[in-house]
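If you check Swiss-Prot, you get these features:
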{"type": "COMPBIAS", "residues": "84-94", "note": "compositional bias 'Basic residues'"}
{"type": "COMPBIAS", "residues": "95-106", "note": "compositional bias 'Basic and acidic residues'"}
{"type": "MOD_RES", "residues": "Ser2", "note": "N-acetylserine"}
{"type": "REGION", "residues": "82-106", "note": "region 'Disordered'"}
Amino acid sequence: MSSLSEYAFRMSRLSARLFGEVTRPTNSKSMKVVKLFSELPLAKKKETYDWYPNHHTYAELMQTLRFLGLYRDEHQDFMDEQKRLKKLRGKEKPKKGEGKRAAKRK
């Protein structure tokens, strides 16, 4: 037996295409490219998209702990204090319909 029949040759090539294998024999340089394309893309690898923790979950958790008095966020405390002092001085943002444009019309 010298080689495969035409039918067997075409079927082997078709099965290689279906199952993501190399259809024709290639050199090592081309096999490197085939190997790169057969791997998952960088964006779909778990270590890439799971690199940073879920910010929304942690922010909600820390805010809940802050309101319960179990966590102290000095920066947020400072911002709240500044907002409170601004309101006492009468410098807070006007409510909707009470701004400069609305005052002109009255």
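Quick reminder: no glycine exception, Cβ is built from N, Cα and C everywhere.
Predicted, not measured: the structure shown is a model, and the values here were computed from it.
Residue counts for the compositional bias 'Basic residues' (84-94) under DSSP, helix first, then strand, then coil, are 6 helix, 0 strand, 5 coil. Taking H, G and I as helix, E and B as strand and the rest as coil, DSSP gives the compositional bias 'Basic and acidic residues' (95-106) the counts 6 helix, 0 strand, 6 coil.
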